[in-house]
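Undergrad: Provided herewith is a single structure, encoded as structure tokens, for subsequent inquiry.
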Amino acid sequence: MGKPIQKTDGSTPQRPLICAPLVGKTKAALIEEIDAVAAKKPDLLEWRVDFYKHIGKTEDVLETASLLKAHSKGIPILFTRRSIREGGEPITVSEQEVTALYEQVMKLGLVDVVDVELSCPEAEKERLRAIAKETETQWILSYHDFQRTPSEADILAKLQEAEANGADVGKVAVMPETMADVLTLMQATQKAASTLTIPVITMAMGRLGTLSRMAGGACGSALTFAIANESSAPGQMPIDELRSVLDVIDRYVTGQ
């Protein structure tokens with residue numbers, strides 16, 4: 001399989017991929033969830049493993065990852081552990097154990113894309129980058145701010161930092177307080193998509209940020225998140241509604 005997430009140039013509106021999260025806490029819940037979500041035919045499936053209550057049992061996680069792959073209907077799987085500091089669920093395993101878990105799922109070919117936080121220690125980032133390259137796993141370096149929206153320059157700098165660290169994709173998610181914040185995020189997205197050599201994924205969260213999830217592709221964001229069952233972040237729309245909005249944008253903005 002080629003790289004699931006491809007670059008857009010930011011100068012021409014393009015339809016973003018749709019990624020749907022999987023947030024089940026048990027193996028049975030995840031299998032039920034992926035069967036329902038895959039039927040909606042998103043472009044990617046994101047397993048938020050920090051929601052999984054057995055994250056501390058490596059063999060259990062690997063077995064579940066294998067089952068998810070078998071039930072994915074060929075849809076690429078994005079593997080994500082989101083830390084508490086960036087909006088994730090509390091877990092009982094160390095950062096070193098998380099890194100080892102990422103290594104295992106990549107080496108066993110159980111996932112297609114991994115999300116690693118920019119704040120991850122340099123040595124661990126370097127280690128995961130090498131394994132991602134070795135296993136041809138696409139890797140995202142991400143930054144999430146659930147408190148505010150940084151300046152346009154700071155958002156752009158985070159995406160540039162992702163590229164400088166060898167990421168295949170850069171991702172930034174922020175929390176807006178005003179519509180001006182949403183526009184700041186979208187302007188930074190357009191600049192990043194126009195100047196970086198890697199794909200970028202951006203979104204503003206919450207109700208205000210929904211606009212960025214619908215129209216982010218017009219500014220160069222390569223992917224947006226939508227829910228089929230349960231949300232993994234504030235502001236995510238149902239996949240059917242989002243797809244309808246993207247169809248309208250395609251028809252009247254991109255001319256597709």
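Just so it is clear, glycine is given a Cβ too, placed from its N, Cα and C backbone atoms.
What Swiss-Prot records for this protein is below:
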type	residues	note
ACT_SITE	His144	active site, proton donor/acceptor
ACT_SITE	Lys171	active site, schiff-base intermediate with substrate
BINDING	Glu46, Trp47, Arg48, Arg82, Arg213, Ser232, Gln236	3-dehydroquinate binding site
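How buried are these features, and what lies next to them?
TA: DSSP assigns His144 (active site, proton donor/acceptor) to a strand in the three-state reduction. Residues within less than 8 Å, Cβ to Cβ, of His144 (active site, proton donor/acceptor) and separated from it by at least 6 positions along the same chain comprise Arg82, Glu86, Gly87, Glu117, Val172, Ala173, Val174.
Every protein chain shown contributes to the tally, and the Cβ of Lys171 (active site, schiff-base intermediate with substrate) ends up with 26 other Cβ atoms within 10 Å.
In the three-state DSSP assignment, the secondary structure recorded for Arg213 (3-dehydroquinate binding site) is helix.
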Undergrad: Just name the winner among Arg48, Arg82, Arg213 (the binding-site residues) by count of other CB atoms within 10 A of its CB.
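TA: Result of the Cβ crowding comparison: Arg213.
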